[in-house]
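Undergrad: Below is one structure. I have some questions about it.
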Amino acid sequence: MKSSITKMCIIPFLLLAMATNLALGQGTRAGFYSSTCARAELIVQSTVKSHFQSDSKVAPGLLRMHFHDCFVQGCDASVLIDGASTEKTAGPNLSLRGFEVIDDAKRQLEAACPGVVSCADILALAARDAVTGGVTWVVPTGRRDGRVSLASDTSSLPGFTDSMDIQKQKFAAKGLNTQDLVTLVGGHTIGTSACQFFRYRLNNFNSTTAADPSINSAFLPQLQSLCPATDDGTKRVGLDNGSENKFDASFYTNLGNGRGILESDQKLWTDASTKPFVQRFMGIRGLAGLSFNIEFGKSMVKMSNVGVKTGTNGEIRKVCSAIN
């Protein structure tokens, strides 16, 4: 898994991180641990790489976990806390995976630099390091860990049946715009989805006898075969058809061809406000193109600064799954 890029690529992301910090007034910055735990980022990176080599599914898992963390209580590692009625127990979070990667990195960091590196920063770094293919960005660090984790707060998470207006409202509430929405959704499609989350689109959609009309008619039989109505719905299907294990922009081409798996994904193509961004990622002639690899890094930096706790707010947990 590639972990480095050229200085030419690093400089724009470093400048972006600095500008984002100033604009949002957050206390995070690139290289926060350079004097207190110089090997912090290397330890997280090597831990992610080790787990990825054993199970490549941890990559989309870590990206999704960071996303779910930031949309509830801000990026403060509240999603990692164990206990009754915590965020981890909420429906949208029951399928999250990769907790063992964060726990492993935390154990190593506590051995090297006790009480210094937050679980929130470990998760932000791990999400970046989980992306393969040489795509990377500078992660501002300095977050502290939250002390509150409630399942009831997870209603702020975007849902797979949400209308596009609701999705945009949920992103806007976090300071993220429509382009961020389209970009971040694209980055999280390297994973899979259980059939139960989209099978309703394949038959009797919206109380009709037909399938969701936005599904490509040539693609529909394939989905129906993968997810028959008689199964329990637990079988998993790649969210980016034909490019499930690659971090690239093919997801947007699939949307243009009616091959989006989740209803909320396909709506990016049918909604007038999001479709132009999809088309720009597709490289349609006549539109100003967008580089997915670059824009994803920008949007991740922006999202990773949502509601962060810094300075004397929050704490540095000794164990990521428990408040001190």
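From the backbone N, Cα and C atoms, a Cβ is placed for every residue, glycine too.
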Undergrad: Please work out, from what TrEMBL records, which of CYS37, CYS70, CYS195 forms the disulfide with CYS113.
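TA: So the cysteine paired with CYS113 in TrEMBL is CYS37.
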Undergrad: If you follow TrEMBL, the disulfide involving CYS75 connects it to which of the following: CYS70, CYS119?
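TA: Disulfide partner per TrEMBL record: CYS70.
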Undergrad: Choosing among CYS119, CYS195, which residue does TrEMBL name as bonded to CYS320 by a disulfide?
TA: CYS119
Undergrad: Candidates are CYS9, CYS227. Which one does TrEMBL pair with CYS195 through a disulfide bond?
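TA: Going by TrEMBL, CYS195 is disulfide-bonded to CYS227.
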Undergrad: Cα within 10 Å of ARG64 (site 'Transition state stabilizer') is the criterion; apply it to the binding-site residues PRO158, HIS188, ASP240, ASP248 and give the hits in sequence order.
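TA: Checking Cα-Cα distances against ARG64 (site 'Transition state stabilizer'), the binding-site residues within 10 Å turn out to be HIS188.
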Undergrad: Determine the minimum-neighbour residue: among ARG64, HIS188, listed as recorded positions, which Cβ has the fewest other Cβ atoms within 10 angstroms?
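TA: Minimum Cβ neighbour count within 10 Å, taken over the recorded positions ARG64, HIS188, occurs at HIS188.
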Undergrad: Out of PRO158, THR189, ASP240, ASP248, which of these binding-site residues shows the lowest number of other CB atoms within 10 Å of its CB?
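TA: Each of the binding-site residues PRO158, THR189, ASP240, ASP248 was scored; lowest Cβ tally within 10 Å is ASP248.
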Undergrad: To the nearest whole angstrom, what is the C-alpha distance linking PRO158 (substrate binding site) and ASP240 (Ca(2+) 2 binding site)?
TA: 19
Undergrad: Could you tell me the mean pLDDT over the domain 'Plant heme peroxidase family profile' (27-324), as a whole number?
TA: 95
